[in-house]
Amino acid sequence: MFAESPIKRRKSTRINVGNVPIGDGAPIAVQSMTNTRTTDVAATVDQINRIVAVGGEIVRVSVPTMEAAEAFKEIKKQVSVPLVADIHFDYRIALKVAEYGVDCLRINPGNIGNMERVRSVVDCAKDKNIPIRIGVNGGSLEKDLQEKYGEPTPEALVESAMRHVDILDKLNFDQFKVSVKASDVFLAVGAYRLLAQKIDQPLHLGITEAGGQRAGAVKSAVGLGMLLAEGIGDTVRVSLAADPVEEIKVGFDILKSLRIRSRGINFIACPSCSRQEFDVIGTVNALEQRLEDILTPMDVSIIGCVVNGPGEAEVSDLGLTGARNMSGLYEDGKRVKERLPNDDLVDKLEAKIRAKAARLSEQNKIQVSVKD
């Protein structure tokens, strides 16, 4: 029920990764990357489908060998989400996956061989309308840049990126996006800020090798949040040493917290204290697990007492305020007569939330129809 995000996004050009528009005001896309062996087609397809099930809009797949390229061909046939092929060094792999219908090539033109090889890949991308992602990483900077700067710096990452950008510019190719990732938040943020001033192309955001599920989520939220709050970024990936499904969940949570994109339920819940009249933590955890399938954006407040409960409920689509034995229920910011028994909250609140989500979804369909 809060107003739209006050963030003014950086202007950028538009590319399309399959059917997903990137840049020029398009919704910020959330993507992930498989961590299976690409040659294990069944496992890779299964993981891609699980990523898509929680909202993944683009999936990157590593294609290190020709054998993996042949597996990619079969994977592409079995999924509908746009796929990005991650390729290093061998330009022939890029040509092969282009033949097999790849939606985007993640390559660095400067490391796939001489200019003729680069030209062959770019000409193929032009012919098949395939965008390219230039991906610079603080852990793999060119040796001369390491010597020049002594260590990875924002300037070093951007100089590396601009080398690849210049190659594409010389070949009259502008359908690309760029990332300048690092595992250090300040290094990555500084590099993206510099790059945003130098080019108009879309920027793919990420804090690379961020860490395990908890620490990586925090680091990504801080780094990506800083950039997104400044209007920088057109697509995001949260890199976690965890199930890629978790990357999508965290990515959408970051966008949701900045009111950039809303997907699913935004739970507003107190950390609980001795004033709580029901088990707030247990209730919220249970509902989060049960309601992961709901995609309709909505705010649900679950507060254990009457100190902050009514205030939060008044700005929520549904709100629960703790009271002795029977807790108060709010809908659209207004108190309703019905009260819910504290000893049976989860089942009843789940039913209320699902019903509200269905009504909101129907209202959204009607509004879109009227606009059309």
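For all residues, glycine too, the Cβ spot is worked out from N, Cα and C.
Swiss-Prot lists Cys270, Cys273, Cys305, Glu312 with the feature [4Fe-4S] cluster binding site, giving sequence analysis as the kind of evidence. Sequence-distant neighbours of Cys305 ([4Fe-4S] cluster binding site) (same chain, six or more apart, CB under 8 Å from its CB) are Cys270, Cys273, Arg275, Gln276, Glu277, Thr321, Gly322, Ala323, listed in sequence order. In this structure, Cys305 ([4Fe-4S] cluster binding site) belongs to neither helix nor strand by DSSP; it is coil.
Least crowded of the binding-site residues (Cys270, Cys273), judged by neighbouring Cβ atoms within 10 Å of its own Cβ: Cys273. Same-chain residues that are not part of Cys270, Cys273, Cys305, Glu312 yet have a Cβ within 8 Å of the Cβ center of the [4Fe-4S] cluster site turn out to be Pro271, Ser272, Arg275, Gln276, Val280, Ile303, Gly304, Val307, Asn308, Gly309, Gly322. Taken residue by residue with DSSP, Glu312 ([4Fe-4S] cluster binding site) is part of a helix.
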